[in-house]
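Please read the structure below before turning to the comments.
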Amino acid sequence: PIEKHHHEVATAGQNEIACQFNTLVKKADEIQVYKYVVHNVAHAYGQTATFMPKPLVGDNGSGMHCHQSISKDGVNIFAGDKYAGLSEEALYYIGGIIKHARAINAFRNASTNSYKRLS
């Protein structure tokens, strides 16, 4: 389900579409369906849709950011009384992401175009 959408700062008709959260596997399936629908609707209108991070040289890139949260028994375990209002679990979670950032790049930034967006 879509929560909201808006035109992005860049040119060439870039848009941001915010989707509602779901469990990891369900959200992965929903994203695949979403991309399939967007590609086919664009094609039906003689247009092209791309999800490339940097489709145009010299223009702003796009990214697919993902918000992450973990709950236990309906309670957000990231909320707490440590640094920045976070829990100890959240701080360890962030530390794990930082520690393994290079390995995470293998699937998070899977193409050369992902890095062009950062430059």
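Just so it is clear, glycine is given a Cβ too, placed from its N, Cα and C backbone atoms.
Copied over from Swiss-Prot, here are the features:
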type	residues	note
BINDING	GLU3, HIS67, GLN68, SER69	ATP binding site
BINDING	GLU8, GLU16	Mg(2+) 2 binding site
BINDING	ASN60, GLY61, ARG117	L-glutamate binding site
BINDING	HIS65	Mg(2+) 1 binding site
DOMAIN	1-119	domain 'GS catalytic'
Euclidean distance between Cα atoms of GLU16 (Mg(2+) 2 binding site) and GLU3 (ATP binding site), Å: 11
Cα separation, the residue listed as 'Mg(2+) 1 binding site' to GLU16 (Mg(2+) 2 binding site) (Å, whole number): 10
SER69 (ATP binding site) versus ARG117 (L-glutamate binding site) - Cα distance in angstrom: 26
DSSP state at GLU16 (Mg(2+) 2 binding site), helix/strand/coil: strand
Overall pLDDT for the domain 'GS catalytic' (1-119), taken as the rounded mean: 87
Tertiary neighbours of SER69 (ATP binding site) (same chain, Cβ under 8 Å, six or more apart): PHE21, ASN76, PHE78
Residues ASN60, GLY61, ARG117 binding L-glutamate per the record - widest CA separation, whole Å: 7
Winner by Cβ contact number (other Cβ atoms within 10 Å) across the binding-site residues ASN60, GLN68: ASN60
